[in-house]
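Taken from Swiss-Prot as is:
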- G87, Q88, T89, G90, A91, G92, K93, T94: ATP binding site (BINDING)
- 578-627: compositional bias 'Acidic residues' (COMPBIAS)
- 8-370: domain 'Kinesin motor' (DOMAIN)
- 509-538: region 'Disordered' (REGION)
- 552-628: region 'Disordered' (REGION)
- 830-865: region 'Disordered' (REGION)
- 880-906: region 'Disordered' (REGION)
- 1194-1251: region 'Disordered' (REGION)
- 1306-1343: repeat 'WD 1' (REPEAT)
- 1451-1493: repeat 'WD 4' (REPEAT)
- 1543-1582: repeat 'WD 6' (REPEAT)
- 1585-1622: repeat 'WD 7' (REPEAT)
Amino acid sequence: MAGQGDCCVKVAVRIRPQLSKEKIEGCHICTSVTPGEPQVLLGKDKAFTYDFVFDLDTWQEQIYSTCVSKLIEGCFEGYNATVLAYGQTGAGKTYTMGTGFDMATSEEEQGIIPRAIAHLFGGIAERKRRAQEQGVAGPEFKVSAQFLELYNEEILDLFDSTRDPDTRHRRSNIKIHEDANGGIYTTGVTSRLIHSQEELIQCLKQGALSRTTASTQMNVQSSRSHAIFTIHLCQMRMCTQPDLVNEAVTGLPDGTPPSSEYETLTAKFHFVDLAGSERLKRTGATGERAKEGISINCGLLALGNVISALGDQSKKVVHVPYRDSKLTRLLQDSLGGNSQTIMIACVSPSDRDFMETLNTLKYANRARNIKNKVVVNQDKTSQQISALRAEIARLQMELMEYKAGKRVIGEDGAEGYSDLFRENAMLQKENGALRLRVKAMQEAIDAINNRVTQLMSQEANLLLAKAGDGNEAIGALIQNYIREIEELRTKLLESEAMNESLRRSLSRASARSPYSLGASPAAPAFGGSPASSMEDASEVIRRAKQDLERLKKKEVRQRRKSPEKEAFKKRAKLQQENSEETDENEAEEEEEERDESGCEEEEGREDEDEDSGSEESLVDSDSDPEEKEVNFQADLADLTCEIEIKQKLIDELENSQRRLQTLKHQYEEKLILLQNKIRDTQLERDRVLQNLSTMECYTEEKANKIKADYEKRLREMNRDLQKLQAAQKEHARLLKNQSRYERELKKLQAEVAEMKKAKVALMKQMREEQQRRRLVETKRNREIAQLKKEQRRQEFQIRALESQKRQQEMVLRRKTQEVSALRRLAKPMSERVAGRAGLKPPMLDSGAEVSASTTSSEAESGARSVSSIVRQWNRKINHFLGDHPAPTVNGTRPARKKFQKKGASQSFSKAARLKWQSLERRIIDIVMQRMTIVNLEADMERLIKKREELFLLQEALRRKRERLQAESPEEEKGLQELAEEIEVLAANIDYINDGITDCQATIVQLEETKEELDSTDTSVVISSCSLAEARLLLDNFLKASIDKGLQVAQKEAQIRLLEGRLRQTDMAGSSQNHLLLDALREKAEAHPELQALIYNVQQENGYASTDEEISEFSEGSFSQSFTMKGSTSHDDFKFKSEPKLSAQMKAVSAECLGPPLDISTKNITKSLASLVEIKEDGVGFSVRDPYYRDRVSRTVSLPTRGSTFPRQSRATETSPLTRRKSYDRGQPIRSTDVGFTPPSSPPTRPRNDRNVFSRLTSNQSQGSALDKSDDSDSSLSEVLRGIISPVGGAKGARTAPLQCVSMAEGHTKPILCLDATDELLFTGSKDRSCKMWNLVTGQEIAALKGHPNNVVSIKYCSHSGLVFSVSTSYIKVWDIRDSAKCIRTLTSSGQVISGDACAATSTRAITSAQGEHQINQIALSPSGTMLYAASGNAVRIWELSRFQPVGKLTGHIGPVMCLTVTQTASQHDLVVTGSKDHYVKMFELGECVTGTIGPTHNFEPPHYDGIECLAIQGDILFSGSRDNGIKKWDLDQQELIQQIPNAHKDWVCALAFIPGRPMLLSACRAGVIKVWNVDNFTPIGEIKGHDSPINAICTNAKHIFTASSDCRVKLWNYVPGLTPCLPRRVLAIKGRATTLP
């Protein structure tokens, strides 16, 4: 673990495995990892190096142990830590961190946070156990946790249980502060105290489930916020003092333990799960999801700016923008602060995510340059005590070094090490080398002993085999004995060598000490054999102890006499250490190297004798009076050394005695064992002899039996003998062949070694060659990139020079004009000419100003000088005319001064111009480079889409081939054609993959060039500017911005103009095709071949409607209009059906088409403006003509606004007043013609002042009148009743597929549900009431009140005349035949209450009763006998004849939100349910329905969010979801037929069918109604039905009803004339047209 100081941020890269969807779509892997190196390659040769790199197959445990485990250990030492997970959405960040809890997650797949929690509490338990074992006070730990969520730049507390999820958008009270040390902390955050691992895991799970997630096109469950899970660890542990060097310094007596104190360490661990960076066009996010994505990207951008500022190697950036985002503010400690930080960058390996992967790797690469300042979080008292202890230990160590002579002070006062210390270091090094040598020799001796044992055992076995009485047991016993004998022999030799060494040491000590009297006789005692008596050894030890006591007493007397005992003590100790080291080295050498070092021992003994002689002489010379003091000191030192030697000798002798005692015990044990064996053998011998003696008295029969037994055993032994002899021969033969085998083995080994050497050399050569090729290729690529870069620079320079040339030409033109003006000034003129000229100066001045305005921006100063010269000339003329007598001199000087100023400022303007040109070139380079990258990205995306299309087509062909093989295997020609088509598609896919790879390589090269350009920072140029130059640069920037803005506006205007023309051309062609098709249909009855032609065209056009065309109608697809599609290949698919349609229709003979159309028909094929005029005037064609009257009755109308085409310019629309006047004028004409279409839908925002009812209900004082539903004669009560008022047509929606004819108003709050018959309409609202309407009279009949809360569902049973309304957990049953009263109340738990159970409820009920659940929807069986109520996650079945519950449908894990009922062919009910758990389930009920019934089928795959609505027509089921998508299912095959992911911009709330037509209606929360073709599930048109969300939709035989949150129900008519089998492209273009015949 790194200590205190600077610590770089570590970066790890994890590459997730490919998804199955990516594999199916043919995505290639664009990343690779260098084996054994933390390096990842992107594309071909773009390499990134990090601290850790984890490839596709890396497990979670490896990531944790490599990256995070050390950080947890650092937390116990007081270091902060942070783990950051960064990457694009869907890259596996949440999986890596472990915050996405799933029931199916195994232990191996646990993320970083659960593993860190287990590690943390395991470390706490281990430290407490270790302290208990050591007998010290255990540390105390306090763990707390916080869980924050940063959602849309608002900090939310995920542990706050009182927070309402609906208040997510409100501002939180959490504040971020900074303490005195620069640390970041938050206030207002819930901090939970944790006591166990399970408790912390539960808190993590609770917070993770409260986190904001949603589904996008890239990820089913995408994190929509940044999450920060923080663990605070507070540790109070015992801090022991370090062992001081000298006990005298510490002052502690012997046996006193060192004092202990407590220190407090704190640490915090941040686990940061960042939300993924995302592109809106990839995720398909709209509305709230788009806002979340923008907020996420803003936070990550701020984080990137902070990383760039901290990782700047040049240290130019002074300010770090931590406060730009709350995310960077919270992570201020982790980035550049006090924390050990690791960033885990999660990337996708697929080539479709190449740009996101590249940006993530660049992002992470910048983070490696950040340096954090890591310190231990310790309380101040503990820090001060630790610092003082460290200082004391340092000073004590230094003092001991001075005392020991290790450090010395030189003459100049400098510190250094003594020669003794250096000598000791050398000796220690030599000692280490000798130890290694001894160890190696010991291993060699052991190997030799083993070999000797083996050979001797083999020899003994051979001897026994020759004798014929050997077996395996005896051989094993012999081998064990031999091994034991060798071991004992080795130990004996070691003991003898040690004894010899001890004898030599004792003799040296006796020779060196004149005071030892009993040492010499001890040598013969030790010189005996190892079996000498223990009394002799005891006697030697006793004598040595007596000598030791005498020496100690002598030393005490000498110390009393010594005046400098401290100095002597120091010297004696030094000599003692040296002698100990010398003796130890000698003992080890003699013990381990007895064979090699005999001579060296003799020489050592001689040297030692000489040393002892010199020491004796030194002691004997003590009588010299002059050197008495010095000799006295030497004697004292020698005496001290001898005492130590004696002590050591005694210890060695005692150890040797103990070892001998141990050997004696071992020998005695073995002797006893052998004696026991001998005794057992003797007993067995006696027993056998006794048996033999007793055998003589046995009978003949027993003798024969024993004889037979012995003969049998003898035969067996003979067979064993033969086998042993054969084995012996084989053994002899093997011994003979052993030498030959050994020679062959050596030869083969030599050959193998040579081959290995050759292989190594060859591999080395191959590596060198590969490295050389790689270097050459890299060099060539670099040269190519350099050349390309140089070429681009040259092109930019040429462009800049051309621009500079044009500017110079303009300046030259301006100078020429100035020169000509000056020449005109110098030319003399007559008074008449001057008089005429006096009339013209204003024109001349104006012309000069005009010319100045037409030149470039840099020529303005010259233009001003020309105009000043002209004004000067005017003043001179006025002087000649006598107007101004004085200003002659003043008229010429200003011009001269200006020219002087200009000459003085030439150098300044030149320098500023050069700086501006350099900046301009830099800007042009950056713009061109970014444009190139954007174009390459677009090309790569286009290729990826094309590859996906080809893969889908290839899969379809493969399935077709498999089906053809299964049905008719003999069709070889068809199979061959399909195989060829599949091969062609595979070749095309390979070609596209090559193109994608080239794009990736080019992008990488451009990114490298971009980095080089970024290195030349413009700040250097700007910082070197003076104030005047800066003003000039700012002025140039402003002018350039204005010019660019003007160019952009002009381009946009041109684009809009071209788009308008293109739309007009498309609509003209589609109108003509439509007219031709309609004309052909009329003639088709008499011409069968024409019918076949039309059918073929329709089939081909239906087949041509691909998924790309569907995207034109889908708001969430790749584009919202065909003008946004930039690829040429995409445009090829758009019009592929129209030329074929036109060509086939034009090929039909004129006879089939009948008479030609007149001039009024041709007007329809004109532009959109002419069509609008024809429609608005109403006289564009003859209505009397029956042909046109019949054609107009089948008018085609499609939406003009929506997702099909972009909105047209507002400048082309007429004002509302003009349209209202034209509508009023055209109204009488339309009312007289029966052939025209009914009134179209109302405008988007109808005027509320026309509605008397809404004006009256807006007054709160009259709110009580709303509850009156009686038939009073009061006019006020009649007005307050709900009415259905007709709605006039509006031009804005005349081309829509639906036209609003009426509007029902009467509810005061949003309408949630409705049901209708041909005469009655029933509505339920949030105002706790239901209303019944008469569709014939257009009035409200009755109001059904008394509901506890919102009425969420209402159904009418035509068989019984009962109405069922749902509110909270109650179903009210109303009998409308008598007086519209509630006759029964049904509950969700299955209870039946007579009458109205909620009549006493006056206020709105918020909660349900105990045991009850919210009922979301009800449905009636087609026969009217069963009622199905969706309550909770089940559906309760009611039998209406008895009003009793009979069963329950179960199987969902979430609340059932919607259901629908139909009948099968066997007249059984088929119930389909949709739940919040994203699944659609089907239940088929039999005749007897009782108990709990499970689903018969689960429709797969599920939606990405909860199901909101269902609709069934025949065998087709449609389901609409909150994920904005609609799916089409086949009930017979029970499979998914088709799906449109983004059918609407918001939740799909309602589905219904247009009666009698194969058309589906869908409505969403955005208020949009869409019409779909049921057969091929293609859009026909759409209309903005309401400004508020549409909650329900139903139909009857005449009308379509939509209920909305704007408190209204609109009645719609379908506009006839749309043909669902027409090509979608034609239908989409017709949506822009008006009424077409």
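Positions of Cβ are set from backbone N, Cα and C atoms, glycine also.
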Per-region confidence, the repeat 'WD 7' (1585-1622) (mean pLDDT, whole number): 84
Which listed residue (G87, G92) has most other Cβ within 10 Å, given these are binding-site residues: G87
Within-chain partners of the repeat 'WD 1' (1306-1343) [C-beta distance under 8 Å, separation at least 6 from its ends]: 1253, 1257, 1263, 1266-1267, 1269, 1281-1285, 1349-1356, 1358, 1363, 1365-1367, 1374, 1376, 1380, 1404, 1588, 1591-1592, 1594-1599, 1601, 1603-1609
Distant-in-sequence Cβ neighbours of A91 (ATP binding site), under 8 Å, six or more positions away: R16, G276, C346, V347, S348, T360
DSSP helix/strand/coil residue counts for the repeat 'WD 6' (1543-1582): 0 helix, 23 strand, 17 coil
Three-state secondary structure, Q88 (ATP binding site) (per DSSP): strand
DSSP-derived class (H/G/I helix, E/B strand, else coil) of T94 (ATP binding site): helix
Spatial neighbours, same chain, of Q88 (ATP binding site) - Cβ under 8 Å, 6+ residues apart: G276, S277, E278, V347, S348, D353, E356, T357, T360
Helix-strand-coil residue split for the repeat 'WD 7' (1585-1622), DSSP-based: 0 helix, 18 strand, 20 coil
Which same-chain residues, if any, lie at least 6 apart from T94 (ATP binding site) yet have Cβ under 8 Å of it: A85, G100, G111, S223, D273
Close in space, distant in sequence - K93 (ATP binding site), Cβ under 8 Å, 6 or more apart: A85, Y86, G87, S223, D273, L274, G276, I344, C346
Neighbour count (Cβ, 10 Å) for G90 (ATP binding site): 24
